[in-house]
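First comes the structure, then the notes that go with it.
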C-alpha cells in the first residue's frame, strides 16, 4: 500500500482528502504545516501532497528543505491563478502541481501516474532485462537505478527530471511533442497554459553540465516540442 504524506493547514480539506485517498487504497499521513511534514518525512513515504500557503514553514520553503535530503515525488497544491508559486515550485523540484479547487478524480489520476513512474523505476532496478542504459556525450542514464551521471559524476535529478531526460534520450535527434511528454512523464493531458514540462526542461538545462562536443542538450521547436541534440 502506497503511503502519502498530505500537508495542508486546512483541517477540513485534509480530513476530506484523507478519506478520499484511503477509499482509493492509499495509506495517508497528515501534517498541518511544513515543520511537522519534515519531521514525519522518511523513506517509507511514497509521495507528498504539499500545499503552498501554510503557517510556520510554507510549502515552497518545505520543498526546498526536503530536496536537500530526499527525492520523494511531490505534487504542489496551489491557489488557482498563482502562476509564481507553480513556477517556483517546479524550479525547486516539484514533480507536478494542481490548482485548487481541483477535481477528486484528477488528483487521484495524477497521484497514480507519478507512482506508476516510481514503480517502473523499481522494476527496472530488479530486472536485468529492463530498459537499457543510454549514453549521450559524457552523460550516462541508468534506468535501473534511475541515476544520471556526467563524466562519472552523479547528477542530482528528481524522478520526473530523470524520466523526462531518459525519454528524450530514447528519441535522440527526434522531436517529441509537449503533449506526448506530458502524457508519458506526468500522466496527464496537456492543457493550454500548463508549463510543467517547460519548467522541467529548464531545470535540466540548468543542472546538466556543458556537453564535451559543444552542442546544446536540447532544442525547442515552437509549436512542435523538444528534441535532444545528437552528436552528428
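Note that Cβ sites are derived from N, Cα and C of the backbone, with glycine treated the same way.
Swiss-Prot lists 3-115 with the feature domain 'Response regulatory'. What Swiss-Prot records for 51 is 4-aspartylphosphate. Positions annotated as DNA-binding region by Swiss-Prot, on the basis of sequence analysis: 131-230.
Counting residues per DSSP class in helix, strand and coil order gives 33 helix, 23 strand, 44 coil for the DNA-binding region (131-230). Helix, strand and coil counts under DSSP for the domain 'Response regulatory' (3-115) come to 49 helix, 26 strand, 38 coil.
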